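A short worksheet on the structure shown next.
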Amino acid sequence: MSTSSLRTLGLARLSAGGAAVWGAIALLLLVAFAVEPGLFVDQFVGGLVYGMTLVLIALGLSIILGLLGIVNFAHGALFMLGAYFTYQLMALWGLSFWIALVVAPLLVGLVGVAMERLVLQWLYDEPPLAGLLAAFGLALMIQEATRAIWGDTPLSVVTPAVLAQSADLAVTTVARVRLFSVVVAALVILAVYLLIERTDFGLSVRAGVQDREMAGFLGIDMPRRFVLMFFLGAVIAGIGGVLQGTAVGMNPTMGQQYIIITFVVVVVGGIGSLFGSVVAGLLIGEAVFLTPLVLRSLADVTGIGALAVPGIGGLVPYLVMILVLLVRPRGLYGQEGFME
Amino acid sequence: MSLLEVRDLDAGYETGQVLFGVDLDVERDEVVSLLGRNGAGKTTTMRSIVGADEPTVRGGSITFDGHDLLATEAHDIPRLGLSLVPEARRCFGDLTVTENIRLAAHHATNPRDVAAMFERFPELDDMRDRPARHMSGGEQQMLAIARSLVTNPQMILLDEPCEGLAPYIVRRIEDIIHEISENEGVTILLVEQNVAVALATADRHYLIDEGHIVDEVTTERLREDETLRQRYLGV
């Protein structure tokens, strides 16, 4: 029997069991909600904010990986710069949050372009490891520069008054700034979707992701698009940084922390699939926040205390990745045949 | 002056030189074939002409319509009116038929009407919104030709258009080659391993063997000279 028919069989069996799995997950979430509705909504919003932040970083990482074959480990550093530029603009120069929300991502975009023009563009035709190492080096340089300029201690900015209040969600209240983050992230994702799927520019980028050389044979100047996409990816990560810096704060290792999980998001979503990155980012964001709660509720309901594994949240992204890759090596929405 | 002139072309890869002093001329409105065995240097010649990163051209010159192609960026070459339909078709599998054609039209200086391509290739009309990856090899080949034709080229480089296709589709591709050459005034350089296709479509043939152009023959001579075919093409 060929491997493909074996795989088809495996998937068929899985989708038969799929309904049961989803049913069980829904039931667990319902139990958790019933036990502690306020906390559940809190954690759900937390997962949404976290997931959206992951998505904002993952979009750029995924585009650059698909287009150039480079795992841009410095992408997390760009996210971090978004936060620190916000601090610089707001706390040190006294500008308003709204100005920072626009200016900081653009500045991050320029850093991204400098990164591409000065370093990474020379490595496109080298083995992938060269680009990876160079990007890793860039990440460390930016991180240490950040430490040198803004110091080692965590920083935060004063949330603008209009976002500082809480929104009443019946069972709990949620800081408006977190809801604002979710809305801005959702708008950015929508804008990226429209750009990639509905414009001629997006069409040429999608073609370039699939076959860069052939796109060139059709007269498309791919290097110019690489710069533009790098700029765009950096701007989006920068927006994520502004939102994170405003809602939570910042420290010089936040880029490193996020880039690892973001890479997990891209792999789970399927390399080259932006839609996959969005789904995987939200999935992992929610899983990180809801899993501990679900397990604790389960421990409460059943009386089996061992179910509430301490610190499980940090492990969840990797557990999700292992599970998804075992069943589908190309990721949720990866290109057919990739890694299979 | 010929539309396409290749002079004394040396080209190769890191692993070694492949082309040795290749000379080749294609006149306006001609259909010329480049015939040779696997690995003889046919695709390397095509890739050198369109300015691909690989192979590296080490010597000689390539001129198209008076332009020095070796001094032209690869992505500017299509706008001179020289279009490649590559080996293995290379349609963008995730893009729909319409998107594949629209993409090419969008980056051409003076494109043809995208809608007119569907009249030109009725086979594609029923599958406008189908991703190219879900098409048969013959359909993909037609899409690849449509994608090239929509840019309104003076000349098309066709690299093994009939490879792996069923005989009745090969006939259809041969007809298309005739039509775009005779009715639409497009010059064609055709790379083939299939001598029958070259005989049916081309006016003149270059035989390439181990990176050297070993002969230039008329269709008549190629049809009659079995020893020639045997020696250089193994048929």
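For all residues, glycine too, the Cβ spot is worked out from N, Cα and C.
Per TrEMBL, the features are as follows:
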- A:12-35: transmembrane segment (TRANSMEM)
- A:47-71: transmembrane segment (TRANSMEM)
- A:92-115: transmembrane segment (TRANSMEM)
- A:127-146: transmembrane segment (TRANSMEM)
- A:179-196: transmembrane segment (TRANSMEM)
- A:226-246: transmembrane segment (TRANSMEM)
- A:258-284: transmembrane segment (TRANSMEM)
- A:304-327: transmembrane segment (TRANSMEM)
| Hey, which of A:92-115, A:127-146, A:179-196, A:226-246, A:304-327 has the most Cβ-Cβ pairs under 8 Å against the transmembrane segment (A:47-71)? | A:226-246
| field | Contact between the transmembrane segment (A:92-115) and the transmembrane segment (A:226-246) (at least 3 Cβ pairs under 8 Å, separation 6+) | value | yes
| field | Long-range neighbours of the transmembrane segment (A:258-284), counting only residues six or more past its ends (CB under 8 A) | value | 48, 51-55, 57-59, 61-63, 65-66, 71, 73, 75-77, 79-80, 139, 189, 192-193, 196, 209, 316-318, 320-321, 324-325, 330-335, 338
